[in-house]
Structure formats: structure tokens, C-alpha cells
Amino acid sequence: MEILDGKKISNQIKEEIAAEVAQMKERGEKVPHLAAVIVGNDGASMTYVNSKVRSCEKVGFESTLIRLPSTTSELELLKKIDQLNQDDDIDGFIVQLPLPEQIDTQKVIMAIDPDKDVDGFHPTNFGKMALDMSTFIPATPFGILELLERYNVETKGKHTVVIGRSHIVGRPMSILMGRKGWPGNSTVTLTHSHTKNITQIISQADIVISALGVPHFLKAEMVKDDAVVIDVGITRVPDESREKGYYLAGDVDFENVSKKASFITPVPGGVGPMTIAMLLKNTLLAREQHRGER
Ligand code: GUN
């Protein structure tokens, strides 16, 4: 069994990006600038966004964090997005999800300029992704592809079972794993809450990608010998004995599943850090695409 070490690989990617930024600076060019908008003060979302901003600083990007109160109206958020669309200094921005219930997430995503949509959530970018056109690939699926590639994991002809059909992870992942090329060329089953015989389907998987958010859902007896197991789950489980009052749990019973798997991602330190590294990569790409225009 080999650990797919997202922490290590994400640090390598960040070093590669930092080297490119250093060259940009030497040439006297503008460095990439990422803005992140967060509405409300959900603990997990705040942690993710702060981590994204801190990583920008680490690689030499400029970053702007925009915190809006949980009572922000849809119109106010749309105005903020319009400002960011118009601001020539900003190369890319994200609006952290989920949003408070008074705000229509689809309207917000539609309002983002696709050229600055470094999350790859806008229908234009999502459509391009599905059509194998060059675009921003959503950071979490992009990070998983990068891990598979850097560890030389064979995906061609394999049966990939994706658990969960979220727009952020499961749905794009199912499209990407079935694309021509590598990583890809795999036969994909996308499972969800209405899937019948889900355990039987999972037991046939060469590659399992779990993005369910149910701690320790995937047990050793559910996976095939030598399966590749990717754990996207990261749930805060209350635990008074910990300093923070919780611990982070993946979807996978790591202790037991790791004994059977050929490759496996840990939680934390697997997919999570890769998401941030790939967001930075998308922002660098956005900067390169905007070069000459602004
Ligand atoms: N919420 C959970 N993951 C993500 C992500 O990758 N991007 C945004 N914007 N929100 C998220």
C-alpha cells in the first residue's frame, strides 16, 4: 500500500508556482492576484478560506479576503461580484460555498466572469471541461487528477466508482475520469443517495472516490483487494477531549481500508491540501491568460 501524500505533493506544486512567480517578479510583471469572498462565519468555511489566502502569500501571490455578514442580500453579493469582475487588478476570485439560504447559489455562480472563475463552477467553464476544452477545472477534482498522475496510478480501462454527485466534486470527477487521456479513460459509475446495491457496486471498483461527507462510511469489507481509494470527506466530528472540540474524519475507515488498498489518501493530508494547490494553479493560469489585456 502506498499513501497518496497530498501534503507533500501540494508543497511541491506550491514550490513550482513560487518559482514561476519569482520569475514574473524578476521580469517586472504583475503577480497573480486572487480574491476570496466569504459570506457569514461558518467555522469550516472560514478555515478553508483563510488557508487559501495564506497559501497565496506563501507562493508570492497577492490576495484579498472579502468578509461579508451572514445577513448579506443576494443583490449585495451580486454587486460585489460585479466589482470584482470589473477590477483589472484581480485575476481570479472565488465565492466560498455554501452560501446562506437567502442567496441563490446558481445566480451567484452565473454572475462570475468565466475568465476569472478559478473555481471552474460557471456553466461556460463546466461545459468546456465536459467537452475536453482547455479551461479552469474545479480545484478538488483537479487535485485528485494531479495526485493520480504524480503517483503514476493507472486509470485506463479501470472501473471508477464515484460516491456523491455534488457540483463541486462528484459530478465533475465523474466526467474527468471518463475523459480521453490520462488520468482518465476509465469506466465511471456515479453513485448517490438513490443508488440501489451501492455496496455491491463499490465492491467492483478498481478506483473508489468518496465525496459523501459521512465519517467512516467506507469499510474494508466493501472494497476490492488492491483498490485505489480516494477520500474527499472531511467532516468535523465533535470531540470534547480535543483542544479544538472536534476532529476531522474522512469517509474512509483508513485504518482497515489501508490494509487492502494499493493506494489511499489520508484525512487530513490527502485531497484537502491538493485543492488549495490547484486553486493557486488556476489563478496562475488566469494571470497568464490575462497577460497583455491588463
Ligand atoms: N466549498 C467547498 N469546496 C469549495 C471550493 O472548492 N470552492 C468554493 N468556492 N467553495 C467550496
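Just so you know, glycine gets a Cβ as well, placed from its N, Cα and C.
Features as listed in TrEMBL:
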DOMAIN    4-119  domain 'Tetrahydrofolate dehydrogenase/cyclohydrolase catalytic'
DOMAIN    138-290  domain 'Tetrahydrofolate dehydrogenase/cyclohydrolase NAD(P)-binding'
BINDING   Gly164, Arg165, Ser166, Ile234  NADP(+) binding site
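Everything TrEMBL records as a feature, shown here on the structure.
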residue: Gly164; record: NADP(+) binding site; Cβ neighbours (10 Å): 23
residue: Arg165; record: NADP(+) binding site; Cβ neighbours (10 Å): 17
residue: Ser166; record: NADP(+) binding site; Cβ neighbours (10 Å): 17
residue: Ile234; record: NADP(+) binding site; Cβ neighbours (10 Å): 20
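When secondary structure is read from DSSP and collapsed to three states, Gly164 (NADP(+) binding site) falls in the coil class. Broken down with DSSP, the domain 'Tetrahydrofolate dehydrogenase/cyclohydrolase catalytic' (4-119) shows 61 helix, 19 strand, 36 coil. Residues Gly164, Arg165, Ser166, Ile234, recorded as binding NADP(+), reach a greatest CA to CA spacing of 16 Å.
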